[in-house]
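As annotated by Swiss-Prot, Zn(2+) binding site applies to Cys296, His347, His476, with the evidence given as sequence analysis. Taken from Swiss-Prot, the feature region 'Catalytic' applies to 197-499, supported by sequence analysis.
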Amino acid sequence: MVQSAPSTEAIQLPKTSESAQLKRIRHTMSHVMAMAVQKLFPKAQVTIGPWTETGFYYDFDTPEPFTEADLKAIKKEMVKIIQQKLPVVREEVSREEAQQRIEALGEPYKLEILQGLTEPITLYHLGDRWWDLCAGPHVETTAELNPKAFDLESVAGAYWRGDETKAQLQRIYGTAWETPEQLTEYKRRKEEALKRDHRKLGRELGLFLFADPVGPGLPLWTPKGTILRSTLEDFLKQEQMKRGYQSVVTPHLARVDLFKVSGHWQNYREDMFPMMAEDDEARGLEQGFVLKPMNCPFHIQIYKNELRSYRELPIRLAEFGTVYRYEQSGELGGLTRVRGFTVDDSHLFVRPDQLASEFLSVVDLILSVFKALNLKKFKARLSFRDPESDKYIGSDDVWEKAESAIQAAAETLGMDYFIGVGEAAFYGPKLDFIFQDALDREWQLGTVQVDYNLPERFDLEYVAEDGSRQRPVMIHRAPFGSLERLIGILIEEYAGDFPLWLAPEQIRLLPVTETVLDYCQQVADQLRAIGVRVQVDCSGDRLGKLIRNAEKAKIPVMAVIGAQEAESETLSIRTRATGDLGSLTVADLTKRLSSAIAEKLPHL
């Protein structure tokens, strides 16, 4: 049965970014923790300690790693500091004054941070015994911190400045709330999240794995996991075919020059794997190959292979293309953050007069995908550029045109949306779908982008009705986003209980005795003939264990087969969702399974 987290509408858990007071509380808590650590561990050097969406952390350089016992002692010391009701005082100083004070404390990391700051330099004091180089904001006194509404959660390794070549630090994570009730609810949700963790369930259900000889962030898919992937791919391919998409296949790598034209090499290089070159000279001239971080330049080459007529447009090219991003090892997380992943990528080449209708059609496709997957809680983010940043390519006019097109489409659809400044891709704005899961965590899934820049950079053209050469507009879209991330989210959303149409194993036949094995195989052959994914449990275990094993494997449908069923050519059907369905003939079961799977019903 698909499980949902219990309703907790009475207790709200706002994000830090949604609450100015939580931002102050959590930021100050990181300082309180650093003060406690340096009192208990005088050799610990401080680095940075920001707030996060659910709490805070602080990175320390220490001779020895922190233990669980250390965390308990640190928390106890933090309670003492809070109960002293210390004033939190902001002080402005000159660079020279800040440098002198930091050098006197012997804090090299703070000295490095200071070098990147402009005056005035601000310090925050906890009473008169501890201070930190910080821009704030903070509470006015530790009396605003509730000693019963925080906890220290874990210790992890981290690199200074996120650079693997620099010092390894100890990061202590904590959480802090305004009330003890919020802390209790947060812990409940976290415990539920651990039960649903896709890394845990993926291992238990035998869907995917990671292997050290292969490397971090590179998942290996088992036969069951591959069925899950293929089912999702086939579903989307069928939906795309109905809408006039054409499938293409492109290589996993290309010459650096391709990505120089697209702008990826200049604007996205830090996220790409290093260049592969034949020798040092070629490397110096940047004449090598790189693994692709995106599929769009390849699809552009297919479009550009021949001169297009206005009558051919829109051209919709689609590919499940594997791309590669050089994520830092500390940023990797199961399937939701990997180094090699498959994007359900498509690029539409349209005339300007087709842009609005094609954009709306893409959104309709994404919404239909969400409906089939029973993903109901999501919101739309219009991801626009930050006009103060220089990381984007293209003119202001082009950006304004693209952003206006996306906003107009969202308003035409009557969508509730919010604008995310600075969330755009470097080449164009996006409409991103942010999904909220059963535990109120947010994930970006589908995305649609309007792009006037890459057609310009690659000099794309089509012959207009009057014979002139015109520039097409590109739409980038991916309903799933990343197939790996989607599967990770679905595992957690369904708690491993996949709907019938998506389950890697849809029905398991449970023979009570060996004498009915031949009949079981006959039934299995009939079900496979209509495309049902079926297995026969030939372990010889007793019926109770057969059922428990099927339940543990979260098989949607079980068919118990004994001598009576074999003689009458029937099956005794049980489902995880509705329990005992009684006796069915093979023909009845076949009909019901076919109908439920075709209609993508959650269960039989």
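Cβ atoms here come from the backbone N, Cα and C positions, even for glycine.
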8 Å Cβ shell about Cys296, His347, His476 centroid, Zn(2+) site members excluded: Met294, Asn295, His299, Ile300, Asp345, Ser346, Leu348, Gln449, Asp451, Leu454, Met474, Ile475, Arg477
Per-region confidence, the region 'Catalytic' (197-499) (mean pLDDT, whole number): 89
His347 (Zn(2+) binding site): tally of other CB atoms within 10 A of its CB: 25
Assigned element (helix, strand, coil) containing His476 (Zn(2+) binding site), judged by DSSP: strand
Packing count at His476 (Zn(2+) binding site) (other Cβ atoms within 10 Å of its Cβ): 24
